Amino acid sequence: MAGDMKVLNALDSAKTQWYHFTAIIIAGMGFFTDAYDLFCISLVTKLLGRIYYHVDGSSKPGSLPPNVSAAVNGVAFCGTLAGQLFFGWLGDKMGRKKVYGMTLMLMCICSIASGLSFGREPKTVLTTLCFFRFWLGFGIGGDYPLSATIMSEYANKKTRGAFIAAVFAMQGFGILGGGIFAIIVSAAFQASFKAPAYEVDAVGSTVPQADYVWRIILMVGAIPALLTYYWRMKMPETARYTALVAKNVQQATADMEKVMQVEIGTEKKEPTSAVKSNNEFGLFTKQFLSRHGLHLLGTCSTWFLLDIAYYSQNLFQKDIFSAIGWIPAAKTMNAIEEVYKIARAQTLIALCSTVPGYWFTVFLIDRIGRFIIQLLGFSMMTVFMFALAIPYDHWTHPGNHIGFVVLYSLTFFFANFGPNATTFIVPAEIFPARLRSTCHGISAASGKLGAMVGAFGFLYLAQPQDKTKADAGYPAGIGVRNSLLVLAVVNLLGTLCTFLVPESKGKSLEEISRENEDSDEAGAQVDISHSSDSRTLPVK
């Protein structure tokens, strides 16, 4: 049985060592790049509108047409969804390590290519940008299931949640890094190339050099990924994949002895080249449905609902800040100044709420458990969204903006000290090794489907109900207030779906997934699973 293997027991009981931190940094830098690349586009979409869609004589700066804006903001999510499904499946078929380098190299190449989007006509530039951002997303998608699975399979059971959360927390630094770099670049260009506000000189407000700003911001995302490529290739395959899926305990033991710098050895009763597993059922079987069907539904539904709210907030916070007057009207700024103001606002939110939320999860997840953190996060996001939406008119009045920003920041804090972290962690723990990467990919892809709903839907929903006040090319929407109400209801549904997800704190991966059961025991306990293992109560 899996639970009897000395190498797996050694991993579960291992003290925190240097190789744990090395794995966090190697996997985490991939997530730094993921977040940087996915969210930096929101910093430059208004600049793209000014450069490529300027209308002579218009009272407002140029903006991306609805279909173009939706494509630029959402195409990376389409690629991410496809990459999560494909590389998640491939990680279970070929091994985590073999696929890990592919995703990173694809991200690096497409980050650089995005900034080199070519052509003189707006259609050509934006088409090539969308093409490369799709494949960028495809590479990013592979990083989700592989990073989570690798970290969960390397970690000990006592601090596994914190280690996986630490990898995911690098996403916060990626968002923060994108904002800080955009501030630096825009400030440098602003100082070097002075320009009047749009209302003073419509054409002169966008200097030709502004075209370099968005390209530099997009391309720099490749650097942190390139720095860790060598170390990714040096990582050995995870012991759990080698022993349980590739069925080579001897190789798994040798790899972990080298990594952990201890002698583990194999018992005589343990086969060294082939491990007999009694639980070989596939993904599309009744046995999987019976054991893990509700679990997969829970991880998919909560991630889907979370990302509707989370990505719509992240990608369109610049529009919300403009609506309440925290960012000045576009016509009062030049093109590069607008990038600076948007980046400054988003960096402040990331610094004060997004990053702290991730690290609260890291420090507390193995103490209070995944279930409580996710339930608390969804519940508080629901409360704060209603608090923003119901008295929305109050927040738009001068002097009340600070209160709005504080409440808005708290929704980000409880997203990250809550479901944004736990929806990433739990799918890497509760499924069998041979299906772990695939199931994590399916769960993550459900999340990206939610992100697309948020990215595409919020563009239209948040438009004013009066069509004359809507952005050029957009139909009338339901307004920011009603959009926030919709997001509050989405978070409430996420709270309810959390009850489908089991608690995994303090258990070994084989215990959670029931890989250490005999087939006879498993058959007798299938019916019991819904009254015990499927419950969401924390492990005592």
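Our numbering is plain: 1 for the first residue shown, then up by one each step along the chain.
Note: Cβ is positioned from N, Cα and C throughout, glycine not excepted.
The following features are taken from TrEMBL:
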- 21-48: transmembrane segment (TRANSMEM)
- 23-506: domain 'Major facilitator superfamily (MFS) profile' (DOMAIN)
- 68-87: transmembrane segment (TRANSMEM)
- 99-118: transmembrane segment (TRANSMEM)
- 124-142: transmembrane segment (TRANSMEM)
- 163-192: transmembrane segment (TRANSMEM)
- 212-231: transmembrane segment (TRANSMEM)
- 348-365: transmembrane segment (TRANSMEM)
- 371-390: transmembrane segment (TRANSMEM)
- 402-421: transmembrane segment (TRANSMEM)
- 441-462: transmembrane segment (TRANSMEM)
- 483-501: transmembrane segment (TRANSMEM)
- 510-540: region 'Disordered' (REGION)
- 528-540: compositional bias 'Polar residues' (COMPBIAS)
Exercise for the section: Could you tell me whether the transmembrane segment (21-48) and the transmembrane segment (212-231) have 3+ CB pairs under 8 A, leaving out pairs under 6 positions apart? Expected result: yes
Problem - Contact call for the transmembrane segment (402-421) against the transmembrane segment (68-87), three or more Cβ pairs under 8 Å - result: no
Fill in the blank from the handout: Lying 6 or more residues past either end of the transmembrane segment (68-87) yet within Cβ distance under 8 Å of it, the residues of that chain are 37-38, 41-42, 45, 48-49, 53, 99, 102-103, 126, 129-130, 133-146, 311, 315, 437, 441-442, 444-445, 448-449, 451-452, 455-456, 459
